[in-house]
Amino acid sequence: MTVPGGQRRRARPGAPIRESKVSLRRLLRVASVACGIQFGWALQLSLLTPYVQELGIPHAWSSVIWLCGPLSGLFVQPLAGLMSDRCTSRFGRRRPFIVAGASSIVFAVLVIGHSADIGWLLGDRGEIKVRAIAAFVVGFWLLDVANNMTQGPCRALLADLTGDHRGGEEVYMNQREGFEVAGSEHIVCRLKKSICVFEQAARKWYMYFHEDHRRTRVANAYFSLFMAVGNVLGFATGSYSGWFKIFPFTLTTACNINCANLKAAFLIDIVFILITTYVSISAAHEQPLVSSEAYTPFSAEGGHEESSPAQEAFLWELFGTFRHLPGTVWVVLLVTCLTWIGWFPFLLFDTDWMGREVYGGKPNNGPNYSIGVRMGALGLMLNSVFLGITSVLMEKLCRKWGAGFTWGLSNILMSLCFVSMLVIAYVVKNLDFRNDLPPIGVVIAALIVFAVLGIPLAITYSVPYALISTRIESLGLGQGLSMGVLNLAIVIPQVVVSLGSGPWDQLFGGSNSPALAVAAVSAIASGLVAILAIPRTRVEKLRVYQ
C-alpha cells in the first residue's frame with residue numbers, strides 16, 4: 001500500500017505515522033461551543049412547554065410539539081454527520097456545519113421569542129392564539145433542526161481531534177527489516193486500530209492507542225462540562241423574572257411579562273451562541289479534504305477498495321450498518337434507548353411538573369404556576385452545577401469503575417430520583433394549602449431531586465458517545481456517521497415518548513406522574529443492563545501488558 005500523498009512521510013519499522021496530538025487546551029476551546037448551544041437548549045427545556053400552554057395548547061398535546069426534536073434528529077443529524085464526513089470545504093469538514101447550525105439557531109430563537117408579536121400582527125386577539133402558535137411551532141422545529149445540525153458535527157470534530165480519524169488520517173508502518181517484498185520496498189502497511197488493541201499486540205501499541213481512548217473520554221467530558229456551564233447560565237436566565245425591566249422594549253401589546261422575559265432571554269442566548277461559536281471554530285484547525293474520496297481505503301499502488309458503508313446513501317445505509325455492529329455496540333445502543341425513555345419525560349415536563357404538581361397551579365390561572373416554573377428553572381440550574389462537577393470527575397470514575405459500570409450506577413440513581421418525584425407529588429396532593437405556596441420543605445426536597453439528577457445526566461451526555469466512538473471504528477465509518485448511529489438510539493424513544501406521554505398522562509387525570517413512573521422503570525432497567533452486559537475495562541488491567 002502506498003501512503004496517500006498528503007501523508008507520505010518516512011516511517012520507522014513498528015512505529016506509526018501520525019500527526020502530533022491536539023493539546024487539551026485546544027480541545028477545551030473546541031468544546032466550548034456546547035456552552036452556547038446548551039444555553040438555548042436550557043431555555044427551551046425550562047420555558048417553552050409552559051409558554052406553549054399559555055398560548056393555548058392543552059397540556060395533553062404539549063408533548064407533541066416536542067416531536068420535531070427526535071424527528072429532526074432522526075434525519076438531520078445523520079445527514080449532517082455524513083455530509084461533514086465528506087465535506088471538502090477549504091474551512092474544514094465540521095466547521096461549516098457548526099457555523100450554519102449556529103446561524104440557524106439565532107434565526108429560530110428570534111422567531112420563537114417574537115411569536116406572540118407575529119401572531120398579533122396576523123390578527124390574533126382571542127385566548128387561543130392560533131397564529132402565534134403556528135409561528136412558535138415553525139421556530140421550535142427550526143431550532144431543533146439547527147441544534148441537531150450543530151451538535152453532530154461538534155461531537156464528530158472532537159472525535160476527529162482525539163481519534164484516528166483526524167482529517168482522514170490513517171496509521172501506516174513500514175515493512176519490517178528482512179521481510180520486505182522484493183521490488184515493493186516502498187509499499188507500507190496500513191494498520192487498523194481495532195487490531196492493535198488486542199491483548200497479543202505489543203505493549204507500546206496498546207498504550208499508544210489506549211491514550212487515544214482516554215483522550216476521547218476527556219474530550220467528551222469537556223463537552224459535557226461546557227453543556228453544564230451553558231445549562232447553569234440558561235436556567236439561571238430562565239428563572240429570573242425581571243428581564244422585561246432591563247429590556248423594556250420586549251414588553252408589547254401582544255407580549256405580556258412572561259413573554260417579554262422569554263424574548264429577552266433568547267436575545268441573551270444569541271450573544272452567547274455567537275461568542276462560543278467563534279471561540280470553537282477559531283481553535284479547530286481542520287485539514288481540508290482534497291475530495292470526498294479522502295475517506296476511501298487505499299489498496300496497493302493507490303487503487304481504491306470497495307466503498308465503505310460511509311460512502312453509500314445516508315439513511316438507508318445508516319440502518320444497513322446495524323447488521324455489521326458487534327454485540328457490545330448493540331448493548332450500548334440498548335442502554336442508550338432505555339436511558340432516554342427515562343430522561344425524556346423529565347426533560348419535557350420538569351418545570352411544568354414543578355408548577356403543577358408542587359405548586360398546584362395551572363397556566364394562565366393565578367401566580368402559582370409561573371412561580372413554580374421559575375422555581376423549576378432554579379432547580380435545573382442546580383442540576384447543571386452537579387452536572388458540571390460530575391463532568392470534572394468523569395474520567396476518574398470511568399478509570400476506577402469502568403465506563404459501563406459507572407453508567408449503570410448513574411441510571412439506577414436516576415430511577416431513584418424519579419421515584420422521589422412521585423413521592424413528592426403524592427405528598428403534595430394530600431396537603432391542603434389552597435392558594436398559598438407549598439411548604440418550604442416540599443420545595444427544598446424537589447430542588448434536591450432536580451440537583452441530584454445532574455449526576456446521571458452528566459454520564460448520559462458523555463459516556464455513551466465515548467463508548468460508541470471507540471468501539472465502532474473497526475467498521476470504517478466516519479465519526480459523523482458513527483454519531484448518527486448512536487443518535488438513532490436516542491431519537492426513536494423520544495418519538496415514542498413525545499407521542500405517548502401527553503395522552504398517557506391524560507388517562508390518569510392529567511398529571512405528569514404516569515410518565516415519570518414509566519421513566520423510573522426504564523431507568524432501572526437500563527442501569528441493570530449496563531452493569532451486567534457492558535464489559536468492564538479499567539486502567540488497572542494495563543498491568544497485564546507490562
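Heads up, the Cβ atoms here are built off N, Cα and C, so glycines get one too.
A TrEMBL annotation is a machine prediction, not a hand-curated record.
Tertiary proximity for the transmembrane segment (27-47) is limited to same-chain residues at least six positions away from its ends with a CB under 8 Å from its CB atoms, namely 98, 102, 105, 109, 140, 143, 147, 150-151, 154, 157-158, 161-162, 215, 218-219, 222-231, 233-235, 237-239, 262, 265-266, 269, 272-277, 279-284, 347, 350-351, 373, 376-377, 380, 384. Taken from TrEMBL, the feature transmembrane segment applies to 27-47 (among others).
Look at TrEMBL and you will find 59-76 (among others) tagged as transmembrane segment.
The list of residues near the transmembrane segment (97-116) in space but at least 6 beyond its ends in sequence, with Cβ under 8 angstroms from a Cβ of it, reads 33, 36-37, 40, 43, 48, 55, 80, 83-84, 87, 124, 129, 132-133, 135-136, 138-140, 142-143, 145-147, 149-154, 157, 252, 254-255, 259, 262-263, 265-267, 269-270, 273-274, 277, 280-281. Sequence annotations record features per position, and here TrEMBL assigns transmembrane segment to 97-116 (among others).
Sequence-remote contacts of a segment are chain residues at least 6 beyond its ends whose Cβ falls under 8 Å from one of its Cβ atoms, and for the transmembrane segment (128-146) they are 40, 44, 48, 51-52, 55-57, 65, 68-69, 72-73, 76, 101-102, 104-105, 107-112, 114-116, 118-120, 122, 254. The transmembrane segment feature in TrEMBL is assigned to 128-146 (among others).
Long-range contacts of the transmembrane segment (222-244) within the same chain: residues 27-28, 31-43, 46-47, 154-155, 158, 250-251, 257, 260-261, 264-265, 268-269, 272, 276, 370, 374-375, 377-378, 380-381, 383-385, 387-388, 390-392, 394, 454, 458, 461-462, 465, each at least 6 residues beyond the stretch ends and with a Cβ under 8 Å from a Cβ of the stretch. For 222-244 (among others), the entry in TrEMBL reads transmembrane segment.
The transmembrane segment annotation in TrEMBL covers 264-284 (among others). Panel annotation: around the transmembrane segment (264-284), residues 26, 29-37, 39-40, 43, 47, 92, 94-95, 98-99, 102, 105-106, 109-110, 112-113, 154, 157, 161, 226, 230, 233-234, 237-238, 243-244, 246-247, 250 of the same chain, lying at least six beyond its termini, place a Cβ under 8 Å from a Cβ of the stretch.
Outside the transmembrane segment (329-349), and at least 6 residues removed from its termini, the chain residues within Cβ reach (under 8 Å) are 45, 49, 63, 66, 407-408, 411, 414-415, 418, 453, 457, 460, 464, 467-468, 471-472, 485-486, 488-490, 492-494, 496-498, 501, 512, 515-516, 518-520, 522-523, 525-526, 529-530, 533-534. For 329-349 (among others), the entry in TrEMBL reads transmembrane segment.
The feature transmembrane segment is assigned by TrEMBL to 369-393 (among others).
What TrEMBL records for 405-428 (among others) is transmembrane segment.
Within its own chain, the transmembrane segment (440-463) has Cβ neighbours under 8 Å at 217, 220-221, 223-224, 227-228, 339-340, 343, 346, 350, 354, 358, 375-376, 378-380, 382-391, 394, 398, 403, 406-407, 410-411, 413-414, 417, 420-421, 424, 427-428, 431, 523, counting only residues six or more beyond its boundaries. The transmembrane segment annotation in TrEMBL covers 440-463 (among others).
The transmembrane segment annotation in TrEMBL covers 475-496 (among others).
When Cβ-Cβ distances below 8 Å are used as the criterion, the transmembrane segment (516-534) is approached by residues 328, 331-332, 334-335, 337-339, 341-346, 349, 353, 402-405, 407-412, 414-415, 418-419, 421-422, 456, 467, 504 of the same chain, each at least six residues removed from its ends. Sequence annotations record features per position, and here TrEMBL assigns transmembrane segment to 516-534 (among others).
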